[in-house]
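Report on the following structure.
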């Protein structure tokens, strides 16, 4: 507890010494970082569409579309961060601050779903229930958060925001667990492939890298949210903690998104014929 108090005092000191111009500069910098990520995801989506225009919305395309949308919303939020602080009705503030985080969860949960399907199909296990489970989990998350927003709108008490943060911390922990289980299983399965298998080493690096990055970012998010819930000096949703915002969003969204987009930058191969060939190759190339 003494260490936590020291950290909180340090955060409070940074907050008190931050000026309005510094705060605006930090938030504009975060907005620029998110805008670059959004553009990068859009470019990758366009490249994939040009490469394989004959197919509709594959998992890979939806992943990049969601990345484009999530980072674009975050960029807009930080661009107008000071105006957002005084937005009325007050319920709009937590909605605009928290909704991108929920969409971030859905984006990377989609990656867990993709890997889970690859793993279970490779093991000749039933995989038809994975997508319904994915939809149900996301519905529970969004409905649960929506109920908290409605309750806060009807009765704006601090305890509702506390419950909301803890709820989102639990959601982040769930995502971390998903990456640990299915990312780890897929990595171990690839390790058992013959050394001479084509692309084996590259896929090991991709799956291992993305698993480690995503597990770390969602775990860090869980602990920071839980800590900020009970330590008001470390509150992320206030203007006078620009340094804490930089640290938090860089660790849990900006750096992980940039690294994952870089690792998964490879385009799927062109169609060589056969109705299902692209899907089979897509699963191998993007595992």
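The backbone N, Cα and C atoms fix where each Cβ goes, glycine too.
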Of the residue ranges 81-99, 100-118, the one that TrEMBL records as transmembrane segment:
100-118
Which residue range, 207-226, 267-286, is the one TrEMBL calls transmembrane segment?
207-226
Of 1-25, 26-50, which range does TrEMBL call transmembrane segment?
26-50
Ranges 227-245, 246-264: which does TrEMBL label transmembrane segment?
246-264
Given the cut-off of 8 Å on Cβ pairs that are 6 or more apart in sequence, determine whether the transmembrane segment (100-118) and the transmembrane segment (26-50) share at least 3 such pairs.
no
Stretch with greatest number of CB pairs under 8 Å, the transmembrane segment (246-264) reference, 26-50, 130-154, 166-187, 207-226 candidates:
207-226
